[in-house]
Amino acid sequence: MVNPIATLLLECGAIEFGEFVLASGARSSYYIDIKAATTNPAVLTEIGKTIAEGREFEMVAGVAVGAVPIAVAVSLASGRPYAVVRKEGKDHGKAGTIIGDVLGKNVLLVEDVTTSGGSALYGLEALRAAGAHVDQVVTVVDREAGAREALAEKGASLLALVRVSELLDG
């Protein structure tokens, strides 16, 4: 396999082939356990470096909980601050949906796995509502099930470190 991130995901057990029943009840010939990658320091470090390289952004953000380790890894690799998009706002302490000052900043949104793009769209809208400029999303794995198109409709591009078709073809 040529894609070094795909190789790392396979080696750490984040991608398995076989017969699986997904949460939706659908059957799949592969399973993505991205937590096997994001809880592995060596793999997470490489993911962070790969995302940070050659991109222009002032801040990185991830939607809780899955994308937060990725946002931290990108922050450490780039030296730029990170923000967290909560799934639900809170009404005590520092209330709100966003942890971090994103107002007026060019924010790179990261995701662990994209399918239809629901989580990425939620993060995109929440960040924009908080005054951030967001036009790019980077995901570790894209299942190629509509996320790219959904984000494009909102004026954001999606870059995948690994596309499922690469894994199935390779």
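Any Cβ shown, glycine's included, is placed from N, Cα and C.
The shown structure was predicted, so the numbers you read here are calculated from the model rather than taken from an experiment.
According to Swiss-Prot, the protein carries these features:
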- Arg86, Lys87, Lys90, His92, Glu111, Asp112, Val113, Thr114, Thr115, Ser116, Gly117, Gly118, Ser119: 5-phospho-alpha-D-ribose 1-diphosphate binding site (BINDING)
- Thr115, Arg143: orotate binding site (BINDING)
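Just so you know, of the binding-site residues Arg86, Arg143, the Cβ with the fewest other Cβ atoms around it within 10 Å is the one at Arg86. Residue pair Glu111 (5-phospho-alpha-D-ribose 1-diphosphate binding site) / Arg143 (orotate binding site) shows a Cα separation of 12 Å. In the three-state DSSP scheme, Arg86 (5-phospho-alpha-D-ribose 1-diphosphate binding site) is classed as strand. Summary: among the binding-site residues (Thr115, Ser119), the fewest other C-beta atoms within 10 A of the C-beta are counted at Thr115. Annotation for Gly117 (5-phospho-alpha-D-ribose 1-diphosphate binding site): same-chain Cβ neighbours under 8 Å, separated by at least 6 residues, are Gly146, Ala147, Arg148, Glu149, Ala150, Leu151, Leu158. When Cβ neighbours within 10 Å are tallied across all protein chains shown, the highest count among the binding-site residues Glu111, Val113 belongs to Glu111. Cα spacing between Thr115 (5-phospho-alpha-D-ribose 1-diphosphate binding site) and Arg143 (orotate binding site): 5 Å, rounded to the nearest whole number. Annotated pair Arg143 (orotate binding site) and Arg86 (5-phospho-alpha-D-ribose 1-diphosphate binding site), C-alpha to C-alpha distance, rounded: 23 Å.
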